[in-house]
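J.: Have a look at this one.
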Amino acid sequence: MNVLLANGPLQRRAWLVIPPAERGCSPTMTAPLHDASAETAPVDPALAGAGDDAKSIEGRSLGRIAWNRLKRDKVALTGGVVVLLLILIAVCAPYIVDLLGHPPDQHHEDAIDPLFQTPKGSLGGLSSEHLLGVEPGNGRDIFSRIVYGARVSLLVGFLSAVVAVVVGTVLGALAGYFGGWLDACISRVMDMLLAFPQLLFIISLISVVPNEMFGLTGTGVRLTVMILVIGFFGWPYIGRIVRGQTLSLREREYVEAARSLGAGRRYILFKELLPNLIAPITVYTTLMIPTNILTEAALSFLGVGVKPPTASWGQMLSQAVRYYETDPMFMVVPGVAIFITVLAFNLFGDGVRDALDPKGSR
Amino acid sequence: MLTYLIRRLLAVVVMLVVVMLAVFGIFFLIPKWTGVDVATMFAGKQSDAAALDGIRQKLGLDDPIIVQVFDFFKGILVGRDYVSAGDTLHCSAPCFGYSFKTEQAVWPILADRLPVTLGLAVGAAVIWLLIGLAAGVVSALRRGSIWDRAAMGIALSGVSLPIYFTGLLSLAIFSYGLGLVSNEYTPIEESFPEWFSGMILPWLTLAFLFGAMYARLTRATMLEVMGEDYIRTARAKGVREPVVIRKHAMRSTLTPIITLLGVDLGALMGGAILTETTFSLPGLGQAVLKAIGEKDLPLILGVTLITASAVVVANLIVDLLYGVIDPRVRLA
């Protein structure tokens, strides 16, 4: 849903571009850069004194300006740092867990009160041995499961965003550039997908997928299917933006100039248009990842995500439903993990949007 | 205007047919590819061949898929007859078929659960519109103030929290911890206060998420609109600020809000699956989740079609409303 939020404001900002100088593109591409810098320069006088490279007046590309702006946005940077930390945790999960010595699937019956099936001790069995306590019932170490759960969340979040971005950019650019019946077809499909009862379809699809597929089994299948399906329902959001941008960009003088110089379609699409689409695509991707993470958690919560015993945050929350009265800690830990992750991505995404978009609302 | 309406209604029909085909495809074609017999899916793996044949014949599973789709469509419009071993079972319109699991007609099940979902969605929508719009407008007008920062901070947290987590948390605190409200659903006919007590947490939880989204959208749109030329023109004409905000800015701010509201309300009609699961509300969402688990196709088809129709009809209403809200929009 997040993706919808920036919808209106962004579409009108066709002039928002990454400088060609940085991307090694043809000189014809400087046209929008002039527009943009003329517009931004007076808007941001504070920046002139702030950056290290302020001594030279010219030569600051839009990408550099955006980066400078992002550097000053402490909140967004904090979000970015947290995101990096989370990625690090996910990548190093086996080492972190090894260090503490509680594999995520190991049961610790000794930490469980046999009468109530809840963890011994206060706060869900929190101790120096089990940093975030243990699960009620079987006593699995929550910290280890949270660390491994980060892998699932981030993997699905990132890869499904990649699927959505690739499909959305290709189809959106094709629709916007070629127009005609192709545009009509793609646009109808996008409208239709946006009006689809998505969660329902995702759940239905995953529930009929067999256990073995594409040479994968169990968790591998579920992960692949989740990535593909979430990505599939996400591409129209990107597709619409890219189509709108392409529509307005293809009428620009620099595209016309390239065409009159004899540039082919492929050249214009990849060398002239695509670099100018990078900014909106970046913004949408960063804002799409948290939404996808939430979707993955929701699917696991509903029991159609990764299969147990593989740990995922949503699945931990769904188990916590039964214990919210006796062991509230079990619900708080994965909930807070999802919250921190999604919030960090959102903060960073908002920062990226504001940095790439000086007319932004902040 | 009339041609516009006709074109839109045609699009609605196409949309519904596509949704139906997609559901059919998911539940009939994917098992076919992967070599699973649909009849065993519904009757259980232990069933003998005769029982499976009976099911196939009764449900028409041996017919070509086109015929099955056509029969289903016919059932909704005019009703249909199921013939098996000499018995004829008439199912009057709107006939969504019979549940594979409970063998009850689907439509009464859905009709039974619709009020729960409707009550949840409408009640929550009222709250989130009030909160979201108010917070968004004030934040935009007092941009950069403490109020703006606080409201937007809360809103950002709101969109970052999974609804089932806030739901569980609110249940643990307000229902189990403080005992303020009920954690069970009571039908409104039975007892209004009990119903209200059971619905207040689901409403607030849902409204917190959507209110946060609407506040962010309202603020962003409002800021954009306040920078438009016609606002400057209005001010230059000497229109007082409150009037500028109410009559000029609010109108165009409402356009994207209404768009989103149409989509959201439509989608919630199919059951706020997560909210209903968290609070054990016997709505459409809970029904469809169970049906998906049991691969109960008629029930899934029924709910999906209701949702899809709700979304497209809501979108249609929204598009017609545009003209009323924003005088610049002309329907063609």
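Cβ from N, Cα, C; glycine included.
Quick paste of what TrEMBL says about this protein:
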| type | residues | note |
| --- | --- | --- |
| DOMAIN | B:114-322 | domain 'ABC transmembrane type-1' |
| TRANSMEM | B:9-30 | transmembrane segment |
| TRANSMEM | B:116-141 | transmembrane segment |
| TRANSMEM | B:153-175 | transmembrane segment |
| TRANSMEM | B:195-215 | transmembrane segment |
| TRANSMEM | B:254-274 | transmembrane segment |
| TRANSMEM | B:299-325 | transmembrane segment |
J.: Suppose I define contact as three or more CB-CB distances under 8 A, residues 6 or more apart in sequence; do the transmembrane segment (B:195-215) and the transmembrane segment (B:116-141) meet it?
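T.: The transmembrane segment (B:116-141) and the transmembrane segment (B:195-215): touching, yes.
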J.: With CB pairs under 8 Å as the measure, which of the listed stretches B:9-30, B:116-141, B:254-274, B:299-325 comes out on top against the transmembrane segment (B:153-175)?
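T.: Stretch with the highest Cβ contact count: B:254-274.
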J.: Does the chain bring the transmembrane segment (B:9-30) near the transmembrane segment (B:254-274), so that three or more CB pairs sit under 8 Å (pairs 6 or more apart in sequence)?
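T.: No, the transmembrane segment (B:9-30) and the transmembrane segment (B:254-274) are not in contact.
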J.: State the residues, same chain only, that lie 6 or more residues beyond the ends of the transmembrane segment (B:116-141) and have a CB under 8 A from a CB inside it; answer 'none' if no residue qualifies.
T.: 147-148, 151-152, 155, 185, 188, 195, 199, 202-204, 206-219, 221-223, 226, 245, 250, 253, 257, 261, 264-265, 268-272, 275-276, 281-285
